[in-house]
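Colleague: Take a look at this one; I'll ask things after.
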Amino acid sequence: MGDIINGKAESQKYKDKIIEFINERKKQGLDIPCIASITVGDDGGSLYYVNNQKKVSESLGIEFKSIFLDESIREEELIKLIEGLNVDNKIHGIMLQLPLPNHIDAKLVTSKIDANKDIDSLTDINTGKFYKGEKSFIPCTPRSIINLIKSLNVDICGKNAVVIGRSNIVGKPTAQLLLNENATVTICHSRTQNLKDICKKADIIVSAIGRPGFITDEFVNEKSIVIDVGTTVVDGKLRGDVVFDEVIKKAAYVTPVPGGVGAMTTTMLILNVCEALK
């Protein structure tokens, strides 16, 4: 029987550090971090995510400004809004909820965010710095993943790691963070052959494909650290890529869904905006 990686408990450790940071800034009469979150349209998933971010931010003493825009907003109007936030000294972090409506060029719009306020690491500037190993904001979900693995006090150096999924938001940056820790990384995707055999040999498995119940106990070994990034709503319940009840009986460590990676992500976002002030 393996151990559960408790994302909520690990997240609380970072929250305690954030509260300490905020209290110290208040004592010194310094600015309190403020996040501006932009949502275009009324996508239910995005609204839930934003409301959760706001709730967590404010509970930690972070100011959170929610900006909700009609789906019909013109691209130039959205850019003008972002440019205004860029020069607003009271705003320290800008988040643009994706996806955007089809009539808006997401790549163009995200490029307009000031790289120093790009706490979700969407701009090409921060992406380039990240992959070159220069100081930059680390994407929130990959940062959550690597910190959860490190919380186990396992030496990542030399470990065989498999990342299933090659998205620019999760898969690729997670692979890069594992490389930075000197793991030997294999990125798998929908065209990968013999996926089950590849995973069986891995010390670390990160699944980020959004296919509920895809990873069974046949994919893991007794030493596997399994990180489930999948979040798919099935019959009103959130489900991960991993068949948790099966895999926990065989692998060494497994993250639950919910209560694993997702519990860390918003905290990492807030950590990024705090670091923007340092």
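Glycine residues also receive a Cβ, built from the backbone N, Cα and C atoms like all the rest.
Per Swiss-Prot, the features are:
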- Gly165, Arg166, Ser167, Ser190, Thr231: NADP(+) binding site (BINDING)
Colleague: Return the residues near Gly165 (NADP(+) binding site), defined as same-chain residues 6+ apart in sequence whose C-beta is under 8 angstroms from its C-beta, sorted by sequence, else 'none'.
Modeller: Gly171, Cys188, His189, Val206, Ser207, Ala208, Ile209, Val229
Colleague: With DSSP assignments reduced to helix, strand and coil, which class does Gly165 (NADP(+) binding site) get?
Modeller: coil
Colleague: Cβ atoms within 10 Å, counted per site: which of Ser167, Ser190, Thr231 has the most, among these binding-site residues?
Modeller: Thr231
Colleague: Just how many other Cβ atoms lie inside 10 Å of the Cβ on Arg166 (NADP(+) binding site)?
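Modeller: Arg166 (NADP(+) binding site) is surrounded by 18 other Cβ atoms within 10 Å.
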Colleague: If you measure every Cα to Cα pair among Gly165, Arg166, Ser167, Ser190, Thr231, the residues listed for NADP(+), what is the largest value in Å?
Modeller: 18
